[in-house]
Amino acid sequence: MREVLAVARLGGRLFWGDGRAVGGIAVLSVCLGAGLPSLIAASLRSRDVEVVLGMHLGTLAVVLTIVATTQTAVTLSSRRELLVLKRLRASGLRGRAIIGGELVNIVTQAALLSALVSVILYTFTYLPPPALPLLFAACVVAVAGVLALIGVVFSIVTRRPDLNAPITIPFMLAGAVGAGAFGPFVTDLLPGWLQWTLDLLPTGAMVEIARLAYRGGELTTLTGPVLNLTVWALLGLVTVRFLFRWDPRR
């Protein structure tokens, strides 16, 4: 655990020390996660909490995918090409500690940005805070962790920093459509089989858990989405265990 935290602190210093990267991600997250739902809330003739909540969760899914999946893929590929990962291993750190530390750093960033976006919406719109705030927080952290693990898998697929961001776009768009980021009118146009397929993504599980956190209800209904996240996490761990490479592309 000490090694994991040490790598996480190193990744955090590298990220927070890059003002351009921090500013870019923060502005993008706030514009998407808070700006779009706020515009929708202001444009409605009458208050419709369900529509605003749907937009909030949909855009939050996009923010988490960008911050967790895309950033993880780009970060690991860049550090592989710059031999940072290889030097960390040569220093005596175990592979699981290096990847685990990077994931802790990314998940922390995703959780902080999600909290910022949510607080802005609670302050400037009529969206109420969740009835079960701890469940909502746990949902964000768990989904961010799974999405970051998928980002590690994307870094395996390409192993080129310049291609990692574009290659995650289809995954991000699929999650956005399934989570309702484009509004209920787009979601209602989807065939039933396609909506069912998109719900199998981690973002689909996030929407289901987060809706329960906002509305309140029986936690026994979370079996499906929790199983969904567990399966994605196991698939990611197995893939990383056998296919992750530490050496740069030649």
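Please read every residue number as a count from 1 along the shown chain.
The backbone N, Cα and C atoms fix where each Cβ goes, and this holds for glycine too.
Predicted automatically and left uncurated, TrEMBL annotations should be read as such.
Taken straight from TrEMBL:
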TRANSMEM  21-41  transmembrane segment
DOMAIN    51-211  domain 'ABC-2 type transporter transmembrane'
TRANSMEM  53-76  transmembrane segment
TRANSMEM  97-122  transmembrane segment
TRANSMEM  134-157  transmembrane segment
TRANSMEM  169-187  transmembrane segment
TRANSMEM  226-244  transmembrane segment
(request) Quick one: find which recorded stretch in 21-41, 53-76, 134-157, 169-187 has the most Cβ pairs under 8 Å with the transmembrane segment (226-244). (result) 134-157
(message) Using a Cβ cut-off under 8 Å, which residues of the same chain at least 6 positions beyond either end of the transmembrane segment (21-41) come close to it?
(response) 15, 47, 51-52, 55-56, 59-60, 62-63, 66-67, 71, 109, 113-114, 116-117, 120-121, 124-127, 183
